[in-house]
Amino acid sequence: MVCRSTPAAAPHLLCGDLQCRAPACCGQGLHGWNRIAVNQELPRRNAIRVFAIFAFVYFLSTLSRAVTATLAPELTEAFDLSAASLGLLAGGYFVGLALMQIPLGHCLDRFGPPRVAATFLVVAIGGSVLLALAQSFWMALAGRVLLGVGLAAGLMAPLTAYRQWFAPAVQVRANAWMLMIGSLGMLVSTVPTQRLVEWQGWRTVFWIWAVLAVLALLGLLLKLPRWVVPARPARSASPRASAPEAPAQVPQQAGDMSGQPALGVGQIVRDRRFRSVVPLGFFSYGGMFAILTLWVGPWMTNVAGLDAEGSASGLLWINAAMMLAFLFIGLIGTQLARRGMTLESLVLWGTPASLLILPVVIGLGAHAGWPHWMLYCLSITPFSMLQPKLAQCFAPEVAGRVLTAFNLAVFTGTFVMQWAIGGAIDAFRLAGFGQVQAYQSAMLAFWAFNLAAYGWFLRTRVRQAAP
């Protein structure tokens, strides 16, 4: 098959580069589409299709992830939940995600994102049906865990595919746009979901989700290209998968994996650059999702005094702002990458804002509404660039393992923080604290762990800089 370069007058949709190297004629028609190899950059038309299908799956993932914040009053009433039990139920989703991250990484690298994403989505459909039928807390918890297991590949599968199919600078934009779509899913989980619950009840939410997931499954099975797994290079004892990160403006040659060792998860997690950001992924990024997908809702009802409708409206505005923030990051992320943005500089300058904003929000107590929590969540959005930058520190054929190993820290942190904050609220209430003071004390403990995680990064960063 003969390929031509995209004409200069037709910029690539994802990267906006007039000199994009994506072939213009490959993939035209079903025959060429199925023959696209793992190490080829996709042509524009097929890149749109791939992105749209993966984005729809991730939309469903974040919708199911965040819906507990809106459904918290209904779930609490249906299953007679305490704050800790509500945190456990919401966190069950992240237990499923965390349990699958390491095996998911191996599956992605061995079988490819399309097949893995489709297989996992079948499990998620079963979890949604189980939730819709749940008659007890434990049955609902099992459904949440299955949802998490089935959607474990919701973001990691496309990021692994983009690591192979998109140029390095484009990966930052694609990742940000995926998170933008994810924010749209969280947005739909607010007022639109609340309206549906008022009309048909909370169980209908999970039946409709299952139907949409079946449509997404058909897209994964019928509309994605065949993934050709590259030959495995010889294993090396070296802990570093690749040379130091190259400037983003120099595109890597697709499929050039010569001399790159195949790493195991143990070697990846022992890499200093990886270890330096894991606590931040656990407490800061994972903790932000714990707040956004659960505890913002109860804060607005139990601390700020809003009703369920007001809480859902506040969540809608927060997620709308997050969606716009990820869109903005997608627009500037490519330029930042081309100007040499490194993993260390991203964390060094992107973290302090959240550490300053969060204690102010906590201190406001009952006066802290959705605009204040929106500022906190927005301050964490630069972390969306962390995952693709981290993956670029390693060889492409282990991208799945790198991404899922870091995601394990993020999702474990989300689960632990959701449950721990709920347990801390109950404990402070038993100790005689008022409702507002109990929430404030639990959140202050959460902030302290965030501060310690940033201190760990600064410490390991100094060690990395030492000769």
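Glycine is no exception: its Cβ is also placed from the backbone N, Cα and C atoms.
All annotation found in TrEMBL is predicted automatically rather than curated by experts.
Summarising the annotation, TrEMBL assigns transmembrane segment to 50-72 (among others).
The domain 'Major facilitator superfamily (MFS) profile' feature in TrEMBL is assigned to 50-467.
Residues or ranges marked as transmembrane segment in TrEMBL: 84-104 (among others). Listed as Cβ neighbours of the transmembrane segment (84-104) (distance under 8 Å, sequence separation of 6 or more from its ends, same chain) are residues 64-65, 68-69, 72, 75-76, 116, 120, 127, 137, 140-142, 144-153, 156, 265, 289-290, 293-295, 298, 400-401, 404-405, 407-408, 411-412, 414-416, 418-423, 425-426.
Residues annotated as transmembrane segment in TrEMBL: 116-135 (among others).
Positions annotated as transmembrane segment by TrEMBL: 141-162 (among others).
Listed by sequence, the residues of this chain that lie at least six past the ends of the transmembrane segment (174-192) yet keep a Cβ under 8 A from its Cβ atoms are 14, 51, 54-56, 58-63, 65-67, 69-70, 155, 158-159, 162, 166, 292-293, 312-313, 315-316, 319-320, 322-323, 325-327, 329-330, 333, 381, 384-385, 387-388. Look at TrEMBL and you will find 174-192 (among others) tagged as transmembrane segment.
Under the heading transmembrane segment, TrEMBL lists 204-222 (among others).
For 237-257, the entry in TrEMBL reads region 'Disordered'.
If you look up TrEMBL, you'll see 237-254 marked as compositional bias 'Low complexity'.
For 277-296 (among others), the entry in TrEMBL reads transmembrane segment.
If you look at the transmembrane segment (316-334), the same-chain residues 6 or more away from its ends with a CB under 8 A from one of its CBs are 15-16, 66, 169-170, 172-177, 179-180, 182-184, 186-187, 189-191, 248, 292, 296, 370-371, 373-374, 377-378, 381-382, 384-385. Feature annotation from TrEMBL assigns transmembrane segment to 316-334 (among others).
Beyond its flanks by at least six residues, the transmembrane segment (346-364) meets 276-277, 280, 284, 288, 372-373, 375-376, 379-380, 382-383, 385-386, 389, 440, 443-444, 446-447, 450-451, 454, 457-458, 461 of its own chain at Cβ-Cβ distances under 8 Å. Taken from TrEMBL, the feature transmembrane segment applies to 346-364 (among others).
Sequence-remote contacts of a segment are chain residues at least 6 beyond its ends whose Cβ falls under 8 Å from one of its Cβ atoms, and for the transmembrane segment (370-386) they are 172, 175-176, 179, 277, 280-281, 284-285, 288, 291-292, 296, 299-300, 313-315, 317-318, 321-322, 325-326, 329, 333, 336, 341, 343, 346-347, 350, 353-354, 357-358, 360-361, 364, 406. If you look up TrEMBL, you'll see 370-386 (among others) marked as transmembrane segment.
For 398-421 (among others), the entry in TrEMBL reads transmembrane segment. Long-range neighbours of the transmembrane segment (398-421) within the same chain, counting only residues 6 or more positions beyond its ends whose Cβ lies under 8 Å from a Cβ of the stretch, are 84, 87-88, 90-95, 97-98, 101-102, 104-109, 113, 148, 155-156, 159-160, 163-164, 241, 262-265, 268-269, 274, 277-279, 281-283, 285-287, 289-291, 293-295, 386-387, 390-391, 442-443, 446.
Per TrEMBL, transmembrane segment is recorded for 441-458 (among others).
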